[in-house]
Amino acid sequence: MKTVQFFFLFCCWKAICCNSCELTNITIAIEKEECRFCISINTTWCAGYCYTRDLVYKDPARPNIQKTCTFKELVYETVRVPGCAHHADSLYTYPVATQCHCGKCDSDSTDCTVRGLGPSYCSFGEMKE
């Protein structure tokens, strides 16, 4: 019986204390309207799981905030998109996560939808290598 209790406590501790929200390398498609194509770049972003719960009884006095794995700190990097027309602005600035945490999704800076377009979406349909 003590083994079952220990295992249960261990699982609870693991779920609460050991959030696996961490930096991960991803490839994103970047595009410039003036260039009419996309290129792929490697960057760092946050991914993983956070402890959350959905209460059965909704309490209007206590808002239900679902925590998500999101950035805590960002830096911005700039890359020159090759092959653009000479008159076009070929610089593209994108965010790079440097620290992650479990927190409320900030819809002012993040796509908080269930199914966003995804990091490899290209509206022009053409990827250049």
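Even glycines carry a Cβ here, placed using N, Cα and C.
Computed from a predicted structure; not experimentally measured.
The record in Swiss-Prot pairs Cys50 in a disulfide bond with Cys102, which is drawn from Cys100, Cys102, Cys105. Partner cysteine of Cys46, as given in Swiss-Prot, is Cys100 (from among Cys84, Cys100, Cys105, disulfide bond). Matching Swiss-Prot disulfide entries to the candidates Cys17, Cys18, Cys21, Cys35 identifies the partner of Cys84 as Cys35. Around Cys84 (disulfide bond), the same-chain residues six or more apart in sequence whose CB sits under 8 Å from its CB are Lys32, Glu34, Cys35, Ser90, listed in sequence order. Listed recorded positions near Cys102 (disulfide bond): Cys69 (candidates Asn25, Cys38, Asn42, Cys69, Cys112, Cys122; Cα-Cα distance within 10 Å).
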